[in-house]
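Copied over from TrEMBL, here are the features:
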- D:1-460: domain 'Cytochrome oxidase subunit I profile' (DOMAIN)
- D:12-36: transmembrane segment (TRANSMEM)
- D:56-74: transmembrane segment (TRANSMEM)
- D:86-108: transmembrane segment (TRANSMEM)
- D:134-151: transmembrane segment (TRANSMEM)
- D:163-183: transmembrane segment (TRANSMEM)
- D:195-220: transmembrane segment (TRANSMEM)
- D:232-255: transmembrane segment (TRANSMEM)
- D:261-288: transmembrane segment (TRANSMEM)
- D:300-321: transmembrane segment (TRANSMEM)
- D:341-361: transmembrane segment (TRANSMEM)
- D:382-406: transmembrane segment (TRANSMEM)
- D:426-450: transmembrane segment (TRANSMEM)
């Protein structure tokens, strides 16, 4: 067999390639961070939204639902639930859980205060206004 | 599976082809050729993506392409080609046993590559001043991603050339020891090769 | 496996051609570049022009691949892969261009 | 076993298998919850079961990686472990912390757990796969640092092979990128962006280094192929993995509020991500074909080849299936993602850990290989688990295609839950495939207890 194949060269190419592409990722990350203000709806990141996000996290909502397509796939997408259902429906729905219908998927009741419910709605409204490149394809998420 | 695997791991010695050469030989290190293939695939995918994105938006692409600096693009093509030529001469010098002379040729190649960087930086400065960014339009996104991705490759190539220059000055390359210089040269030519498609595609094709 | 000590490699021929050949190829490459640039400056468009552009690009690429990269004397798989890549990319660009015309 | 300190790998492997069993039990429970929605409600709601399922997976794979490292590094470095005591201490800390966390998930409401464990000081919980309480996360960092210290010190005093260097780089990368789990900005887009720096850069970055190193080690051992050859290929494969995988992160940045250019970057680079997996398959088969000895541990060879094939299918093919932005626009967050996730994790990481366990366990038990009957049993386990995983993946893919069609593509899209009812048949089939998988796992456990004429160690 003609040609050469040395371990030292393979190693150098690995280090060179890995560093190169990692730097590229870092550069793109910088550009993304610079561009985010245009798409991430940070203007509406109110105290209420932040409280809502905290509630979202501490109730492990992501364990059943998806948010912008990420999470579990057991329950509906909530990134666009605000335009889909509206604030009042969302609050009423959360309060009425679990349905207790035999054999159906159940959502726990979290005994939220009215303030907490408003915070969750604020968070979901903020999320729905993030520019997601028109995802999901339709209102059903 | 088997034959395929065999090919990848050790390309079968091909039957002697009736030609001037007694044994076909892949110049440089096999590892760099795998890297080059991966890079060519990545660039190829970008080129094809560009072409099809353009097909869906011909007017925008044509209009914004006109604003590009074709003179800078052509000058850079010439710089890269000349740089490649110098590197070929360096490899030939090493092959002829004039290892140290190779250093001079590589220095020439490096200078041309550095010239490419300078021209490109002027081009980028003008573009950024004009408000071109990754998010300003699909065409600009492609223009920046393609040229910047390539730009980074030129920089990496220059680092490699600097290493080769250093090696050549120390007389490291000789007819019996061509692996290093051939490997670096192959990478540098790949950077050139990719630009040869990038230039007509992004700067000229309408 | 392939780690044949390169010092053992006796070279009855050159793997990288002659300086003269390399120089002639450089002149051709530069001339071709000037043609591509003047096409751009002339503002000419159309399928024939694009065909010309990418024929030139293909020719230049083939010279780089076969001579500068010295794959002419490499095991056939390698020049085939590189030229195959060029062919595929140029062909798909052509198809996309044609699709853009129809649109 | 060449160095006595390699034996610290044993408890790690046993814990890994034990947690694997737990993971599958919760997997089955969730499979049932998909079709009988109120199963175990309100005792173990789906979100808790899923958290346990995925967290156990991560923890047992980490146990497996650590066990593999403790087994492999002394042999590669040709020296005893720097501190076997530290390794054992860390084992117990990690096991207890892991068990406490799982019990916390199961016994305490999640929000109470968050309050109890300092989530209000630094909120990091409640994000997919990173649900662990703050103190657990800190514990993971401490265990990881002690582990890396132990391994690095061992390597420094011994031989430095490519395999051990690559493995160590992977492990350091794992620890470093985990630090992003402590960054949880209120800005959801940033939150998601850096969340992927943990998740993607783990499974499609540094874990691939770990996986390739472990696979290379086993291949050297079972095939007798020259180390030089295998190590060169190891470099080529991990180069391809990082070249494609790093910018490939972009395939997660399509629809989360990030700029649109990621659709192109992510599509193009992740379209190339199958290449390193393909190379790994070719590599594994090629090395086995060129073997220079018949290793008595046939089962280990089977696991190794299985890793190559299934990683390529799960991570490579099923990943590619939905990675291009125009396709992903419809499939994002559907059962197709779940299908890919199952086969990719099984093919790449579960199998590589089971490969090293299969190779190392007999040695740790003082024999070159298990007896014929035990090996046959183990190979049955391989086929049962692998084939049922293929079916789980196929059923989920079918469910996903139907889901995407009814809910996303259709002109009259149906609501989520209505669609779920439509595809419940596939969930049932997935559940049955899961039962077969569990049977395979039981067979696997049994293989450790099958008596028979084990192959003795031959000391050269």
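A Cβ is built for glycine as well, from the same backbone N, Cα and C atoms used for every other residue.
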The transmembrane segment (D:341-361) versus listed stretches D:86-108, D:134-151, D:195-220, D:261-288: most Cβ pairs under 8 Å: D:195-220
Which of D:86-108, D:195-220, D:426-450 contacts the transmembrane segment (D:300-321) most, counting Cβ pairs under 8 Å: D:195-220
Cβ-based contact of the transmembrane segment (D:382-406) with the transmembrane segment (D:426-450), 3 or more pairs under 8 Å: yes
Top Cβ-contact partner of the transmembrane segment (D:56-74) among D:12-36, D:86-108, D:163-183, D:426-450 (pairs under 8 Å): D:12-36
Long-range Cβ neighbours of the transmembrane segment (D:12-36) (under 8 Å; 6 or more residues past either end): 44, 46, 49-50, 52-53, 56-57, 59-61, 63-64, 66-67, 70, 91, 95, 98, 102, 350, 353, 357, 360-361, 364, 424, 427-428, 430-431, 434-435, 437-438, 441, 444-445
Long-range Cβ neighbours of the transmembrane segment (D:426-450) (under 8 Å; 6 or more residues past either end): 17, 20-21, 24-25, 27-28, 31-32, 34-35, 299, 354, 361, 370-371, 373-375, 377-378, 380-389, 391-392, 395-396, 398-399, 402
Remote residues contacting the transmembrane segment (D:261-288) - C-beta distance under 8 A, at least 6 residues beyond either end: 204, 208, 212, 215, 219, 222-223, 225, 229-230, 233, 236-238, 240-241, 243-254, 301, 304-305, 307-309, 311-312, 315-317, 319-320, 323-325, 348
Reported mean pLDDT - the domain 'Cytochrome oxidase subunit I profile' (D:1-460): 96
